[in-house]
Amino acid sequence: MSDNKFIIGSEEWCAFPALGVPAIKARVDSGARTSSIHAVNIRPFKREGEPWVSFELHPIQNSRKIILRCESKVVDRRNIKSSNGESEKRYVIASVIQLGGNAWEVELTLTNRDSMGYRMLLGREAMSNKTLVDPSESFCLGEKGDLEVEQLYGVKTAKKSGLKIGLLASNPDLYSNRRIIEAGEQRGHEMVFLNISQCYLKLDASSPEVHYRGGRVLNNVDAVIPRIRPSMTFYGCALTRHFESLNIEALNTSDAITRSRDKLFSLQLLQKNNLDIPTSGFANSPVDTKDLIDMVGGAPLIVKLLEGTQGKGVVLAETTKAAESVINAFKSLRVNLLVQEFIKEAQGKDLRCFVIDGKIVASIERTAAPGEFRANIHMGGSASIVSVSAAEKQLAIKAAKTMGLRVAGVDIIRSSRGPLLLEINSSPGLEGIESATGIDIAGAMIESIEKKLGWKAD
């Protein structure tokens, strides 16, 4: 037996200075071969060509008050069998452990230990030739009270920084994008504009990455806000999905955006969930044009390109002959379109309800410009504050939920048979609604991310 060995109990307080961990309670288990430490939001990245990993650590069991953000070089990735017999592939890091007045380097596997009794497990490999375990004792190297632990972490919480949030978009000068960047910075976060077309992906089971033009790796952002223009839907959703695979929070998920961008599919989902929509028709062949027109109640009617946005690709056909001509012309171009009843009693007006996390934060009434039937702000429409009914509120909230969107612009038209859903937008513009209402919607979007990630200002 070596004279250098020291006695430890079945539980001890450890420290990892290189990780910024001044105190963490460990379960000492000589029956376990490897050691592990609690880690969530684990994200691999490269530093000077070497594999690294970042992770978050809540060092105090059953407490989320203290969050440490740690980084370490990866020394391995191994299949580890847990106490319940399940195998998990974990990142392995090496760091110097301090136990009492002793210090040496140990290997740690990273895993979520929320369901365990301790934030750390000290296994026999880390203790080999260093310690003797007395399982009948606890804290042989000294106990730490709650006050002492809080004081040790007091410096850490005081220095807590904001989140790093990426805005996935195409034009940094658009009002909505400028406001989101501004709102995030005002709340103490690091905001990064990421041009979707300049991002590219590395698909690799062991080290997936998102790169930015020039080679910068983007795996270290805490969250992303997708603001994907229609022409970039496929690539933008693929990019968002890749961030999600890295456990990076997306304000709106790729699945939700994809659902909402498919106008036909979204109407089918709304219909399936018993949410009222204008009567609409969809057909493949020009042979069915006459029946399609009759199906929606005849002319006047609306013809919509399924790929259109901001009022573009939407035509009012005032007569049956005009409707047939427009539909057949579009069909000859091999584009997909919807035919929809025209709600004449709306008189060129509709509602835009801005929904965040299942609540309406602002509503406006949009009025079409003279001689125009489309109320979109981008088509010259005007916006004014409006009070929405309980039925309209319920319809907007249910529509956003059906799409799976945490942030949505829900368009509703008032008809003689009640409110009808027109469209659900996953990247709603902010200028018209913020200008009309004076509400800080961009700030509410940032707040949604803060709540989801459990972040609070100092």
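Each Cβ is built from the backbone N, Cα and C atoms, and glycine gets one as well.
Taken from Swiss-Prot, the feature region 'Unknown' covers 1-162.
Marked as region 'Alpha-L-glutamate ligase' by Swiss-Prot: 163-458.
Feature annotation from Swiss-Prot assigns domain 'ATP-grasp' to 267-450; the stated evidence is sequence analysis.
Residues or ranges marked as ATP binding site in Swiss-Prot: Lys304, Glu341, Phe342, Asp350, Arg374, Ala375, Asn376. DSSP classifies Asp350 (ATP binding site) as strand under the three-state reduction. Around Asp350 (ATP binding site), a 10 Å sphere centred on its CB holds 23 further CB atoms from the protein chains shown.
Long-range Cβ contacts of Asp411 (Mg(2+) 1 binding site) within its own chain (separation 6+, distance under 8 Å): Asp350, Leu351, Arg352, Cys353, Leu421, Leu422, Glu423, Ile424, Asn425. Under the heading Mg(2+) 1 binding site, Swiss-Prot lists Asp411, Glu423.
For Asp411, Glu423, the entry in Swiss-Prot reads Mn(2+) 1 binding site. Under the DSSP three-state reduction, Asp411 (Mg(2+) 1 binding site) is assigned to strand.
Under the heading Mg(2+) 2 binding site, Swiss-Prot lists Glu423, Asn425. According to DSSP, Asn425 (Mg(2+) 2 binding site) sits within a strand segment.
Summarising the annotation, Swiss-Prot assigns Mn(2+) 2 binding site to Glu423, Asn425 and lists sequence analysis as the type of evidence.
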